[in-house]
Amino acid sequence: MIMGKKLTQVSFLFVFATLLVVIGHADITLDYRDLWIYKWVYSFHMPLFFFLSGFLFAYTYPANKMQGMRFFPFMRKKVKRLLLPFLFINSVIFVIKSRFVPAELMQNPLTFSFSSWVESMLWYPIGFMWFLPTLFMIFVFFSLLRKWIYVNVYLQMGGVILLFVLSYVMPNMQFMQISVAVHYSAYFGLGILYCIYKGRIDAILLRYKYGMFLGSFALSASLLPWKLVAALVGIVFSLILSLIVEKRSGVGLIHLSDYTYTVFLLSYFPQMLVRGPIAHAFPEVNQYLFSCVSFVLGFSLPILFGVIYRRVKDANRLTRFVGLLVGL
């Protein structure tokens, strides 16, 4: 179903994937990582994000537009969309953690120095921020290969398989998350293939939707030990779920999906507040209660900020620039 220029199914998937991210970041202590929900989320949620990014890339640039796409104008847009928020938010988190958070309260302590800041920008992004330079490098790679994306199914499938192979043999290159970008490029490529052959794939998934839904969830929930298989099964489960939910979804889901990028960028701050000062101020409170609070605040506060911001974003250049920094 399409509402305006947005697919309801993809809107649901972005909301679903964002919920998984917030759940995954709701840890208070390392004990949280022993929970089934944490392990399940981390078995496929980031491959799903890159899969969706690949889908939107192909959806935005079908064959006729892809051939005419100009590399540098396209990448300028991605600098604004990905690297500008990365520069701003990664720097803000760096200052907060290195200046105001005691080292004993941090899982990964930082020092307040220029060299440490440069390392956090180019080699070791703070926490979840690695996603932004990784996706940027993937866009560089696929935009350079744009003339071959729509050639034929054999080249497409061969390219995705090659990317999966490269992800296992690629030497470790931390600069701008190049190694990580190669690893997740295969899922990005799968997202492109899904967009190109969506009608055929959806027909198969819908024909056996309830059986495949239960089967894929059972497999995914069993926490398969093979990371690649677990990620692919999780993506299949998400696709079937989205197709089932799509017809029952309304325009509200479309509006909610408008804020998923902002939730991704800003949820760290309320969740860091709960994980750090609040949880340490009340050690007698059950940590999983704090995890629930972290989830609710991490998802709702960025949306509230986004709703308020949209009312004033066109006030002047400054407000519009703030929107670029926080994904609005």
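Here the Cβ of each residue, glycine as well, is placed from N, Cα and C on the backbone.
No curator has checked TrEMBL annotations; they are predicted automatically.
The structure displayed is predicted, hence computed values, not measured ones.
Range with TrEMBL annotation transmembrane segment, chosen from 252-268, 269-285, is 252-268.
Within the same chain, residues 7, 10, 13-14, 17, 20-21, 24, 69, 131, 135, 138-139, 142, 146, 149, 184-185, 187-192, 194-196, 220, 223-224, 227, 230-235, 237-238 sit at least 6 positions outside the transmembrane segment (42-61) and bring their C-beta atoms closer than 8 Å to a C-beta of that stretch.
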